[in-house]
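Now, the feature entries from Swiss-Prot:
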{"type": "BINDING", "residues": "R49, I50, H51, S52, E53, Q70, E92, G93, R94, T114, T149, K154", "note": "GTP binding site"}
{"type": "BINDING", "residues": "C54, C65, C67", "note": "Zn(2+) binding site"}
{"type": "ACT_SITE", "residues": "D126", "note": "active site, proton acceptor"}
{"type": "ACT_SITE", "residues": "R128", "note": "active site, nucleophile"}
{"type": "REGION", "residues": "172-199", "note": "region 'Disordered'"}
Amino acid sequence: MAIEYVESSKLPTAWGMFEMHGFTDSETDKEHLVLSMGDLAGDEPVLVRIHSECLTGDALFSLRCDCGAQLQAAMHRISIEGRGAIFYLRQEGRGIGLVNKIRAYHLQDKGADTVEANEALGFGADMRDYSMLKPMFEKMGISRVKLMTNNPRKIDALIGLGIDIAERLPHETGRNPHNSHYLETKRGKLGHLLEGDSE
């Protein structure tokens, strides 16, 4: 893993002014970024969201998933606290890529759930890798976090990278009639920590 920090810039948003920090991975040719707000230094745990790219949810406002709602909720939560970071990883479709995600959606249209669709295409249920986070966390000076997540794999990944998780903050939002089956599959087959009747 060859992660290199590139540059930072201001990013005005509907939730206030963030700093955007660019990183490149020479092994995968992917570009990742961190959105940060406030001073991340010190011993106090930093409010953090690990968010994998979802073009359909983040940019096209798809209701098939909860990704866009989760991203916006994380930005809002950080703006209220005045301090935090979102690690935005270019791992579209739980790591299978955009076109394969469309293929998976096609299978879901025919009745497969999100896990069955991935497996029918020859992929694992979740192909994401989080190893790039270690140098990104080091660059940002973050070693202790309050992690906004429902996904136990992210918790395990950060612990494995030596990140101290002071607290897990449930991050349920965006449930609607179009994604309720998807969310139940994430809870039942992927072990996500969901209540099942969140808003």
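Backbone N, Cα and C define each Cβ position, glycine as well.
In space, C67 is the closest of the recorded positions C65, C67, D126, R128 to R49 (GTP binding site), judged by Cα positions. Each residue contributes its Cα atom, and for C65 (Zn(2+) binding site) and R94 (GTP binding site) those atoms are 12 Å apart. Spread of the GTP binding residues is 22 Å (greatest Cα-Cα distance among R49, I50, H51, S52, E53, Q70, E92, G93, R94, T114, T149, K154).
A distance of 8 Å separates the Cα atom of C67 (Zn(2+) binding site) from that of E53 (GTP binding site). Recorded residues R94 (GTP binding site) and the residue listed as 'active site, proton acceptor' have their alpha carbons 5 Å apart, per Cα-Cα distance. Sequence-distant contacts (6 or more apart, same chain, Cβ under 8 Å) of R128 (active site, nucleophile) comprise S52, L89, Q91, R94, G95, R153.
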